[in-house]
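Worksheet: one structure, shown below.
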Amino acid sequence: MASLSVKPGQRFTVPDWQNNCHLISADAEHQRSTSHQIRQEGRALRNDTSNQAKWDENESRTRLKDRVTSVDRWREALAKCLTDIDLEIDALTKVKDAAEDALQAKNLCLDVAIECLTFRESRRDIDVVRDPVEEELHREVKVIERTKKELQQRVDDAFKQLCILKEARQQLNLDHQHKVETLDLDRQCLSFNVTSGNISFKVNPTRIPHGTTSLREWEQNSQFNKDHAEAEMKASVELRGAIMLTIAQTNNELDAQRIATEFALRKRIRDMEGALSELRWQEKNTLEEIAEMEEEIRQLEEDIRKRTLDLKVAHTRLETRTYRPHVELCRDQAQYGLTGEVQQLEAALRALQQKRTESQDALDALYRQLHRIQTDIGYKTNSLQLDNKCMDTRRKLVIPVEKFDPEVDAVSRTRNLPRNSQLEL
C-alpha cells in the first residue's frame, strides 16, 4: 500500500508566499522607475552634451574663421607693404646708381679742367698770366670737388638707407612668412572633423607653449613692422628727392661754371687772335719798314761812295794845283771854289755818315723789335694753340666719347685725339 511522501524542510505560510510576491513586484516597480529616471537623465545629458559640443565646436570654428580672416588681412597688408618696399628699394637703387653715374661723370669734368690747366702751364714768358680763364678753371675745379663731395655724401646716405630698407623688408618678409604658415595651420584646423583620419589624443594639449605672446603683442608686432617699413619708405622717398635735387643742382651749377669758363676761354681766344692779328700787322709793317730802311742805307752808302769819289776828285785837283809853278800858284777863284767844294763835300760826307749810323741804329732797333714781335707771336701762337686745345678738350663734356671727333687745330692744323680712358658724361 502506497504511503504519502513529505518534503523535508521548512514550510512557508500562505501569507509569507503572498508577501514575497508583493515584495518582488514592488522591487520590480522600483527598479523600473529608477531605470526610467536614469534613462531620462541620460537622454537629457546626452542632449545637453551633444548640443554643448556642437555649440562649442561651432564657436571654435567661428573663432578660427575670424582668426584666419584677421591673419589673412594682416598677410595682405604685409604683402602690399613688401611690394611697396621692393619698389622703393628698386627706385632708391636706381637713384643711387644715377648719383654714382653723376659722381663718375664729375671725374671727366675734373680731368678736363685739370688738363686745361696743364695745357695752359705750357704758356711762355709774358703770356704766363693769371687771366680770367685761369681763375674760372680754378673755380671750376673747386666747384667740381665740392659737387663730388656732395654727391658722395648722397651716395653714402642712399647706401645706408638701402641697408635700413632691406632690414625692414627682412622683418616684413619674416612676419609675412609666419602669417602664411599660421594661415595654413588654422585652415588645417578648420578642415578637421570627427571623420578626419589624422585626429588623435595628444599629451597635455591645453599647455601654454614657451614663447606664447598675447593677442595685443601679436598685433603690436605686425603694426610695428608695417609702420617701421612705411616710415623708412617715406624717408627713402624724401632721400630720393634730395638726391635728384642734388644731382640737378650740381649739374646746373657745374653747367653754369662750365659756361662761364668757356665764355672766358672764348673771350681769351678772341683777344689772343686780335693780339696775334695786331702783331702780324706790326710784323708786316716792320718788315716793310726794314726793307725800306735797308734800301735807304744802301742809297746812303751809294751817296757816300759817290761823294767820296767827288771828294777825291776835289782833293786831287787841289793837290794837282799845288804844283803850279811860281807865280801861277795863286789863290784864284778856282782855288777858292775847290776849297769850298772840299769843305762842302766833307760836311756832306759827315752828314751822310751820321745819317747812315742813325739809319743803321734804327735798322738794328727795327730788327730787335721784329725779333720781339716774332717772339711774342710765337708765345701767343703757342697760347692760342693751348687755348684751342682746351676748347677742343672741353668738347668731351658735351659730346659722348665714341662720337668725339676733335676739330682741326686753328693754328697748327693738327688733330687733338681724345684718350681712350676718358669717361662718357
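Quick reminder: no glycine exception, Cβ is built from N, Cα and C everywhere.
All annotation found in TrEMBL is predicted automatically rather than curated by experts.
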Per TrEMBL, the range holding coiled coil, considering 50-77, 134-161, 190-217: 134-161
Contact between the coiled coil (276-310) and the coiled coil (134-161) (at least 3 Cβ pairs under 8 Å, separation 6+): no
Local confidence of the coiled coil (134-161) - pLDDT mean: 91
Positions whose Cβ lies under 8 angstroms from the coiled coil (342-369), at least six residues beyond its ends: 286, 289-290, 293-294, 296-297, 300-301, 303-304, 307-308, 310-311, 314-315, 318
